[in-house]
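Visitor: Quick one: this structure, given as structure tokens, is what I'll be asking you about.
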Amino acid sequence: MRRSSTFSSFGGRDRQGNMSGGARGGGFGGGSSRGGFGGSGFGAQRKNTQPGERLRKPKWDMAKMPRFEKNFYTEHPAVVNRSPQEIQKFYIEKQITVKGRNCPRPVFSFDEVGFPDYVMETLRRQGWTEPTFIQAQGWPMALSGRDVVGIAQTGSGKTLSFMLPAIVHINHQPYLERGDGPICLVVVPTRELAQQVSEVATEFGASSKLRNVCVYGGAPKGPQIRDLERGAEICIATPGRLIDLLEAGKTNLRRCTYLVLDEADRMLDMGFEPQIRKIVEQVRPDRQTLMWSATWPKEVKLLAEEFLHDYVQINVGALQLHANHNILQIVDVCSEEEKPFKLNRLLEEIMGEKENKTLIFVETKRKCDELTRRMRKDGWQAVCIHGDKSQPERDWVLHEFRQGKAAILVATDVASRGLGR
Ligand code: AMP
């Protein structure tokens, strides 16, 4: 079954043709005035130090906001009929994990996605055989209007994971009117990434005549402003320059209903959190938000929880922090009975020539005490630390270990951080 009907059933606009379905309202907020968000003269001398200080947070009256459509997805029969075992096998083989309520199933081929012809034509031209893992799961998530967190590296095909659903989303919204800002905003950490995303948007947006504008720091503002004024459905921006242009009233985010935060971890590392907050604040709260990151540290998670609603999450590959490549990691999978012998042998190796300091992590407090007792009996200078020890006791143990008076510290995860100090 072809699914062109899926994408035209929402009164959306066929960009090669006319509006279909019911009448759509004009632009959001109408009018052609720009700069409604407190811009006060571009290039004005800055006295403020906070990014976007002159940007006021809009008061969203959701009852008065024009409604917009964000779910364009109908599962292909092949996807509907696929057994849970097959899907599980796919997840395991591809090292994909998904989380979240009612997560849509993955697709196994381009045809199963149900992209409209104007997207499929460009996809076919690439000569690719199948969706990448992140696309296989990310497209159904994004096309069904869900907020998405994607943990994936550059090179995984993530740009198209958010860009093709963005193109479908835009094609189902009313045309831009004079003075309207973008419908899709992609916030990225660097100029290079902005340009890469822009190339993809240009290639895949051409068939439905979508324009994109790329705004980033370190380049003259004039041409970027002219592109914005000409009108662009997609804006790809680094945070600082976007804030400048918003403050100056050269664009606005009143029409923005599809927001992408790309390489969120890198943006946080680069100190862009205040700017990101300011930008997100300017976008209507019922937008669709997609956040991409190569890693999933606590800071990124907190941001996701704050900016995304009821999100679905996809992780491709390693879930957590990356291992430090300067440290040789050896994993020895063994039975419980083998452990004492193996540990003794390992300690003899480590402590052989000089007293190397050794940390041993165990899961439980009981195991921590038991192991320390046994090791001391075997003649090792071991001390231990866990949650039941009093603070003076913990301080004393850490002091002994730091001074090298006890070379082996056995610990539960109370000691997993901060020992380096
Ligand atoms: P990205 O992770 O978005 O930077 O994409 C990495 C590269 O993968 C780009 O050069 C894309 O053109 C390419 N690519 C994206 N999707 C596919 C696919 N389904 N099959 C093969 N290559 C792809």
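Any Cβ shown, glycine's included, is placed from N, Cα and C.
Look at TrEMBL and you will find 1-59 tagged as region 'Disordered'. What TrEMBL records for 19-42 is compositional bias 'Gly residues'. Residues or ranges marked as motif 'Q motif' in TrEMBL: 108-136. Annotation comment: TrEMBL describes 108-136 as domain 'DEAD-box RNA helicase Q'. Residues or ranges marked as domain 'Helicase ATP-binding' in TrEMBL: 139-314. Per TrEMBL, the feature domain 'Helicase C-terminal' maps to 342-421.
Relative to the rest of the structure, where do these features sit?
Guide: Averaged across the motif 'Q motif' (108-136), pLDDT for the predicted model comes to 96.
DSSP states for the domain 'DEAD-box RNA helicase Q' (108-136), grouped as helix (H, G, I), strand (E, B) and coil, give 14 helix, 0 strand, 15 coil.
Sorting the domain 'Helicase C-terminal' (342-421) by DSSP state (H, G, I as helix; E, B as strand; all else coil) yields 39 helix, 12 strand, 29 coil.
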